[in-house]
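One structure is given below, encoded as structure tokens.
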Amino acid sequence: MEVVIGVADDLAVLAAETIEAQLRRRPESVLGLATGSSPLKVYEELIRRHRETGLSFSRARGFLLDEYVGLPAEHPQRYRRVIAEKLVDHLDWPADQVVGPDGLAESLPRACTEYEEAIAEAGGVDIQLLGIGSDGHIAFNEPMSSLTSRTRVKSLTRQTRQDNARFFGGNPALVPGHCLTQGLGTITEARHLILLATGSEKTEAVHQLVEGPVSARWPATIMQHHPHVTVLVDEGAASHLEFADYYRQTYASKPAWQGL
Ligand SMILES: N[C@@H]1[C@@H](O)[C@H](O)[C@@H](COP(=O)(O)O)O[C@@H]1O
């Protein structure tokens, strides 16, 4: 696991650079997309690169991490719609090459199985972008999620509904109680995981993710078992990291050609 401590704009550039390098190496790459506020600067940077340097997404595939259950297709917080607005609609990325779990499916368990199959048929995810919840969730894998879980229906905790209420006019009761989410087992099959976290609300979650014991209590800690993880954090999110000086030193002495 590599930890990079920096300012949010620079971290977003690092993530975008890595995605660009992947797409230039293999235009038909598979990208794992996250919603929430953490990846937004990365998306802005990718859009800029598309406009200014011709970075193309036309042959790429994209898979969303999760989706609320039951939000109508036109709801502004439906994750498929959010990702279209924040990213896909601004690129040369055909809309049908970016998919998410179907929170409106007649059979939710079948939608979950089909989603797993679609990811496998695409050859798996090359780079997975991630945020982290203040309770240590990734995607919507809440505390006590099975560390080997697959895509499934989950109930959201009161904390997550409270945290996400800002997208629903500040009212936690309007945040759906259920979601479909890739499991921890699904996410950790991606070949490179890049997690972004900024701000002091993420301090404890980031400390646990990087330095805590692997435990379902803090689901993101499963990433410690993955061979290629990059954690991009600002000073606020990094402020409880016991080994922060070591991470800074290591990153400062890293050869430029190595990338993330
Ligand atoms: N399902 C999403 C997660 O994928 C995201 O990582 C988390 C953090 O969100 P933010 O980046 O807005 O802090 O929120 C939501 O619950």
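Cβ from N, Cα, C; glycine included.
Annotated active site, proton acceptor per TrEMBL: ASP66, HIS137, in sequence order. According to TrEMBL, the feature active site, for ring-opening step maps to ASP135, GLU142. Sequence annotations record features per position, and here TrEMBL assigns domain 'Glucosamine/galactosamine-6-phosphate isomerase' to 7-225.
Taken residue by residue with DSSP, ASP135 (active site, for ring-opening step) is part of neither helix nor strand, so it is coil.
Just so you know, the Cβ of HIS137 (active site, proton acceptor) picks up 26 other Cβ atoms within 10 Å once every protein chain is counted.
ASP66 (active site, proton acceptor) has a Cβ environment of 23 other Cβ atoms inside 10 Å.
Only ASP66, of the active-site residues ASP66, ASP135, GLU142, place a Cβ under 6 Å from an atom of ligand 1. Spatially close to GLU142 (active site, for ring-opening step) yet at least six residues away along the chain are GLY133, ASP135, LYS154, SER155, LEU156, THR157, THR160, PRO219, judged by Cβ distances under 8 angstroms. For ASP135 (active site, for ring-opening step), the count of additional Cβ atoms within 10 Å of its Cβ stands at 19 [all protein chains shown]. Confidence across the domain 'Glucosamine/galactosamine-6-phosphate isomerase' (7-225), taken as the mean pLDDT and rounded to a whole number, stands at 97. GLU142 (active site, for ring-opening step) falls outside any helix or strand according to DSSP and counts as coil.
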